[in-house]
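Chemist: As listed in TrEMBL for this protein:
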DOMAIN    45-449  domain 'Amino acid transporter transmembrane'
TRANSMEM  47-66  transmembrane segment
TRANSMEM  72-97  transmembrane segment
TRANSMEM  122-143  transmembrane segment
TRANSMEM  170-191  transmembrane segment
TRANSMEM  203-224  transmembrane segment
TRANSMEM  244-263  transmembrane segment
TRANSMEM  284-303  transmembrane segment
TRANSMEM  332-349  transmembrane segment
TRANSMEM  369-389  transmembrane segment
TRANSMEM  395-417  transmembrane segment
TRANSMEM  429-448  transmembrane segment
Amino acid sequence: MTIGNLAPKKERKSRKNKSIVDEKAPLLPKRQDDVGAEFDEFNGASFTGAVFNLSTTIVGAGIMALPATMKVLGLGLGIVMIIFMAFLTEASIELILRFSRAGKSSSYGGLMGDAFGKYGKIMLQICVMINNIGVLIVYMIIIGDVLSGTSSSGVHHAGVLEGWFGDQWWNGRAVVLSVTTVCIFAPLACFKRIDSLKFTSALSVALAVVFLVITVGIAIIKLISGGVKMPRLIPDVTDLTSLLNLFTVVPVLVTAYICHYNVHSIDNELEDSTQIKGVVRTSLALCSSVYIMTSFFGFLLFGDATLDDVLANYDTNLGIPYSSLLNDAVRVSYAAHLMLVFPIVFYPLRLNLDGLLFPTSRPLVLDNLRFALVSIGLIAVIFLGANFIPSIWDAFQFTGATAAVCLGFIFPAAITLKDRHNIATKKDKMLAVFMIVLAVFSNLVAIYSDAYALIKRNTSPRE
């Protein structure tokens, strides 16, 4: 599936002839002259910078849970599902962009408002908030686990700082997350234009590649030495419960590709808007490659012992030289990656909350006090959530089965079926119906399966 039929009007080819609206996205902009005057010196984002920003939006913490999906689906079916979700994501973004062109909507919220009115836009804003807050909480949880350690089922997994310096008051979870929030998250959250984050995005992608290269290297060394077994290629289905359990990976796969809320912001800042289809294709190809390699070699390395967060597997002896050093390199590189991804996901979260609370106010970028208060409030909520939610799998299951599936598939499909501008083809509508049925059915089954497993675990007799 390709992003075709997106030929914009001539005035959209050069950024000099289009207004910058991302400062208020995903709202329907009202004062673009003011915003445009504020950033006249900005000549537009480059193709490379846009690819890095969109790729950073996609490759977040979801990659850590993908090896665990291989444990459920098997290596063969798991890789097929990763590729399938990439094509389905591309198709949904194509629908969003095509209908945005038709309705002259410059934001996802504006597109939902064009199709379903005020309440459609509000629903979109709420879903972006739920999804992004959940994702950012996951980032903080992983950073806390990596640096300060975590305990699971009575077993303590030491963090990097604890391993280096021993158990100290200053490397406790609360202190480490507080320092990270004040010294890293808060400064990066102060940027008012998404293109300003292109260098941190490039570095974050590089750190993800470092994590991947080390994982691949460890797996190959152990494979050559005979230290790994051939992983399962198909799922192990023995009864109805194990069959239903297959659907629990769907929310994780959906969350792994959600980037729809940033597509308009990146498109609006591109120097040449016709490049957006190339940006999306390149980003999805890059991220899919990283996902496949991480899933393949991560599951090859740990097999059925793969944990929900594969980083937790890197706190034991890997059975190779310099095991401790490599463990620390893997964990530190990915924790640093998540720190740099944080502002990319935080950017649309702040805009949507502001649009929900202050729909008639002037653009957020022009009001420094409101900008600061909204930013501080959101960071505080995320910080508290990271200290009270115990597992990244719990957060992924909730956001993936609710807000993420709406943003990625249900909303684009609903816009297509609404077809306010009469541009949808029969193929588009068939695809829209397929996305809705797949999203609703798979996530209902996933929620049921998770609830059944939780109830069964809580009611089982204790030894």
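Backbone N, Cα and C atoms are what each Cβ position is placed from, and that goes for glycine too.
In TrEMBL, annotation is done automatically, which means it is predicted and not curated.
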Chemist: Apart from its near flanks, which chain residues at least 6 from the ends of the transmembrane segment (284-303) lie with a Cβ under 8 angstroms of it?
Modeler: 51, 55, 58-59, 63, 66-67, 69-71, 75, 78-79, 82-83, 86, 89-90, 205, 208-209, 211-212, 215-216, 218-220, 222-223, 228-229, 231, 256-257, 310, 313
Chemist: Let me spell it out: take the transmembrane segment (203-224), skip the flanking residues so only those 6+ beyond its ends count, and list any with a Cβ under 8 Å from a Cβ in it.
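Modeler: Apart from its flanks, the transmembrane segment (203-224) reaches 52, 55-56, 59, 63, 286, 290, 293-294, 297-298, 300-301, 318-320, 326, 329-330, 333-334, 336-337, 340-341.
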Chemist: Check the transmembrane segment (72-97) against each of 122-143, 244-263, 332-349, 369-389, 429-448 and return whichever range has the most CB pairs under 8 Å.
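Modeler: Selected stretch: 244-263, with the most Cβ pairs under 8 Å.
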Chemist: Quick check for me: are there 3+ Cβ pairs below 8 Å between the transmembrane segment (332-349) and the transmembrane segment (47-66), leaving out pairs under 6 residues apart?
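Modeler: Contact between the transmembrane segment (47-66) and the transmembrane segment (332-349): present, because at least 3 Cβ pairs are under 8 Å.
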Chemist: Please tell me whether the transmembrane segment (369-389) and the transmembrane segment (47-66) touch - that is, whether there are at least 3 C-beta pairs under 8 Å between them, with each pair 6 or more apart in sequence.
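Modeler: When sequence-distant Cβ pairs are counted, the transmembrane segment (47-66) does not touch the transmembrane segment (369-389), since fewer than 3 lie under 8 Å.
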Chemist: Mind checking which residues of the chain, 6+ beyond the ends of the transmembrane segment (429-448), have their Cβ under 8 Å from one of its Cβ atoms?
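Modeler: Residues 88, 91-92, 95, 244, 247-251, 254, 397, 400-402, 405, 408-410, 412-414, 416-417, 419.
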